[in-house]
């Protein structure tokens with residue numbers, strides 16, 4: 001079925017649009033295959049609102065005058081549109097039939113299943129071309145740039161046809177002394193084939209963070225020699241490594257009943273296992289739903305708000321993510337041990353913890369480019385199933401399948417780090433907000449599909465543009481810079497006390513008046529810094545002036561001499 | 001940390017026996033809230049000291065002693081012995097720093113409608129009010145006296161804030177002694193006069209800040225609230241702020257939550273909710289908003305009272321004033337506001353802050369709540385306050401420290417009787433001297449776009465836990481880098497550079513002038529020697545310095561500017577690692593040290609005399625400091 005067949009009514013005049021904190025507007029509403037377009041009726045300086053249909057999470061319609069009045073006497077309907085970026089809009093549409101038509105078109109077009117029908121495949125801005133390289137970096141390039149890896153690590157292409165692990169990229173970094181054959185065996189022993197691979201090598205002491213999925217020990221405690229050798233090769237002679245298991249000890253035990261399990265002490269003697277409980281999947285998704293619900297009603301009493309905030313558990317998830325990341329950093333930076341992180345599948349919390357730990361440890365990942373590279377390496381290439389996880393957001397009435405806002409959780413944690421170290425990150429909150437929006441609905445192909453394999457099959461690299469590349473264009477990047485950035489080489493240890501963690505108002509209260517005052521403050525910060533740059537700015541004004549002065553002085557001397565003459 | 005603990009007449013001092021740097025911790029006795037002795041353990045006798053500025057210290061002492069028990073019974077407050085190196089004139093001058101008369105004239109008073117009544121000059125009508133009070137011109141002395149007899153403790157309606165633009169006022173009083181049916185003609189005339197002094201309006205609001213139930217209960221005791229039928233043209237309104245006892249318990253719970261050691265997120269939020277603290281803050285804020293809107297938007301005067309008119313009334317009037325008038329959002333303005341609405345109008349600081357051992361039931365964090373409200377506003381309007389939160393925390397600290405005389409006693413009369421001005425120092429000049437620490441770099445002085453009125457949100461998520469106050473001494477909880485300090489430095493540097501530039505330009509102008517003069521004088525000579533001096537004398541040439549560099553200009557000025565640039569970046573770097581920042585406590589401690597030395601040279605007792613306790617006391621140190 002062609003996309004356009006979903007559209008029964010493409011155009012409606014005289015629609016009233018209501019947005020929070022803006023006066024109501026009348027104008028024309030237009031539905032296209034991928035967008036909802038509202039334009040103000042006034043011809044001169046007309047104002048437009050363009051919403052990606054994919055951004056629409058839920059749509060509620062209420063039709064008045066269903067009975068009794070003939071259609072001509074102004075029956076009308078109201079559509080409430082709830083977006084994945086948490087914006088809520090109301091459209092009053094004259095004509096019951098038009099209203100229902102529009103609603104059903106939006107419903108159909110906002111939940112497309114096929115990747116190639118999605119907007120990124122149609123987005124063709126004039127300033128971008130499709131033929132360039134896609135993405136910021138690849139495993140091979142990363143390896144080439146990271147000299148400290150060359151000695152003990154190598155790039156393996158054992159997964160080049162995605163047969164060993166469907167969710168891994170074609171190339172991964174593994175210990176040099178472990179050959180591809182062993183990797184294949186280890187992959188068979190890990191859920192989804194996600195054998196241990198290198199995630200980060202610390203620039204100060206060469207210790208590494210590895211990630212994988214759970215071992216398939218099962219009820220009868222199977223073992224895998226190759227997997228043990230692989231991990232042995234990681235710590236290479238040093239005394240001890242840590243396995244951070246993102247499940248409670250009890251959960252890990254239970255996993256054995258369903259074929260999963262954990263690394264037992266007797267077979268992995270040099271590894272010490274630490275269990276940290278992390279919620280996953282549905283629980284986290286429901287947290288988001290509860291939190292957004294709590295934020296959307298400003299008439300609650302303070303008590304009710306606090307109990308709803310507590311009840312949502314969102315901040316508890318932030319708390320545990322940051323604590324575990326802190327634990328990993330402690331192992332690597334302070335105690336000088338290598339770490340393996342895994343939960344069950346190794347595609348969600350594992351990536352959350354490993355990427356947060358890198359942000360805390362590695363100054364290179366705190367620049368705009370570095371942070372985007374980190375996301376590309378640890379989330380896109382590492383096979384976080386974006387399409388499944390971000391199919392719906394907080395408002396959807398659809399039955400939850402595999403949705404889970406783990407990426408939002410990451411952004412929230414990064415925001416908390418930024419609040420505590422306002423000078424340490426090169427990017428600002430604006431970048432995090434942009435990413436929070438793009439991950440759910442985007443013009444770009446970056447967050448499409450669930451793995452590199454799927455992206456290859458769908459031709460994402462050939463047919464869409466890359467978000468990260470476009471964010472890094474100098475004129476765009478400027479909007480996302482932190483004016484106060486002052487790089488530091490040290491690890492930035494965040495405080496994880498509940499008193500230090502705050503609600504991310506920039507995201508969750510984005511569409512309230514509360515956010516507007518913050519915007520004002522941000523602008524003020526910018527103007528202070530800009531003023532400073534103008535004054536201090538490459539000292540040129542001052543230099544010319546002082547040289548100028550000296551010229552004149554010398555001139556004067558000359559005159560004096562002349563006078564003597 | 002191991003070290004020695006000293007007790008002096010005024011301070012508890014802990015000197016750490018660190019390897020390199022001798023760390024010292026000075027705690028004023030007046031700041032100590034309570035001392036708890038725990039059962040002896042193997043390591044010694046644990047002693048827990050809670051301070052009024054939310055510092056908690058635990059000492060473990062090797063020998064048992066009772067010395068700490070009398071510590072809280074000190075009745076001689078530090079401010080009387082605090083004696084920094086300033087002469088008498090300077091001290092007296094410090095009390096003139098703020099002038100309430102000037103503040104009233106800033107508001108536009110006295111004028112045709114309002115004047116100062118001399119009636120309370122000797123504090124005879126009301127001993128808790130200040131000597132100078134503003135009442136409507138039309139009110140006669142008998143009316144005031146009659147009205148005051150009809151109000152609790154004689155606190156008759158009087159002006160607190162006057163809005164120049166529309167003549168609307170905020171007035172304050174205590175509850176009327178109405179009982180179930182009593183009325184008072186003079187009091188009714190008084191309110192009528194207040195209403196009439198606002199020519200633009202046909203009614204006034206009377207705001208009772210208590211919950212309705214409490215006000216009703218008061219009627220049984222012959223007190224109560226205004227009956228709308230007896231007073232013409234008033235609109236009566238209850239606001240429902242809880243009393244001092246509820247607030248005390250609420251803060252107690254809040255402090256317990258803040259002191260939890262690594263609680264879970266859930267425990268913390270639940271504790272916060274159970275304390276009800278933020279709910280109370282919200283109710284005070286809402287009262288302030290109601291009044292500020294009545295005054296600014298409706299142009300209607302408001303009379304505010306609670307029971308006695310010195311707690312909730314003070315909170316609500318001052319919050320409303322801050323919302324209404326940008327002046328109170330400046331450093332000096334806030335000082336004036338506290339001096340006016342709190343100090344002069346008889347907020348019972350000695351009782352509420354528990355300066356002396358007295359009735360525990362009188363203690364209540366009324367002023368803490370006002371500061372908390374201000375902080376909430378600063379969070380919502382980051383660009384509208386000249387001061388930053390360090391200023392609020394400093395004020396909070398000094399309200400409780402009794403370091404200065406401002407917050408001693410319960411009323412102006414008591415302060416006069418005790419000769420506070422003669423015997424102690426004023427805090428305000430001290431804070432003013434350090435104002436650079438208290439500035440908000442984001443402050444935008446021009447606030448004309450909304451006529452100065454702030455319209456805060458009261459959605460529940462706008463009320464937050466004030467970590468910087470309640471966890472003040474838990475350094476690890478706070479951001480490691482300070483945006484505020486960074487911006488402040490940047491701003492200062494910008495200013496410095498601007499000044500440099502201006503200076504250069506000035507110099508240039510002078511030189512230009514002089515050169516022109518010389519040129520003029522030497523023209524003849526030059527013309528004749530042109531063959532020799534091939535330098536053309538166009539002014540434009542002065543702009544091409546590169547021609548001269550070899551001959552006359554050394555690298556000196558360039559080098560200088562470069563160094564300056566380097567220094568800047570070095571400073572910025574420093575920030576990242578080590579906060580020289582945020583320790584509002586420092587100034588406190590330093591002045592403490594200064595005074596210590598002046599002590600030993602001066603009169604009275606040598607501090608070391610009675611003090612040296614357990615010379616070899618063995619300690620595990622202030623684990624939260």
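Yeah, the Cβs are placed from backbone N, Cα and C, and that goes for glycine too.
TrEMBL does not curate its annotations; it predicts them automatically.
Looking at B:487-514, B:515-542, B:543-570, the stretch flagged in TrEMBL as coiled coil turns out to be B:487-514. Taking a C-beta cut-off of under 8 angstroms and a sequence separation of 6 or more, residue B:306 (active site, phosphocysteine intermediate) has the following same-chain neighbours: B:174, B:175, B:208, B:209, B:210, B:241, B:312, B:313. Ranking the binding-site residues B:243, B:308, B:310, B:312 by other CB atoms within 10 A of the CB puts B:243 at the bottom. If you compare every pair of Cα atoms in B:243, B:244, B:306, B:307, B:308, B:309, B:310, B:311, B:312, the residues listed for substrate, the longest distance is 12 angstrom. Long-range contacts of the domain 'Tyrosine specific protein phosphatases' (B:275-319) within the same chain, counting only residues at least 6 positions beyond its ends with a Cβ under 8 Å from a Cβ of the stretch, are 128, 151-153, 155, 157, 160-161, 163, 166-175, 191, 194-195, 197-198, 200-201, 203-210, 214, 218, 223, 234, 237, 239-244, 246-247, 250-251, 253-254, 256-257, 328, 337-338, 341-342, 345-348, 352, 364, 366, 369-370, 372-374, 376-377, 451, 453-456, 458, 460, 463-465. The domain 'Tyrosine specific protein phosphatases' (B:275-319) scores a mean pLDDT of 94 in the predicted structure. Taking the centre of the Cβ atoms of B:243, B:244, B:306, B:307, B:308, B:309, B:310, B:311, B:312 as the substrate site, the nearby residues of that chain (Cβ within 8 Å, site residues left out) are B:174, B:209, B:210, B:313. When the domain 'Tyrosine specific protein phosphatases' (B:275-319) is classified with DSSP, helix, strand and coil residues number 31 helix, 4 strand, 10 coil.
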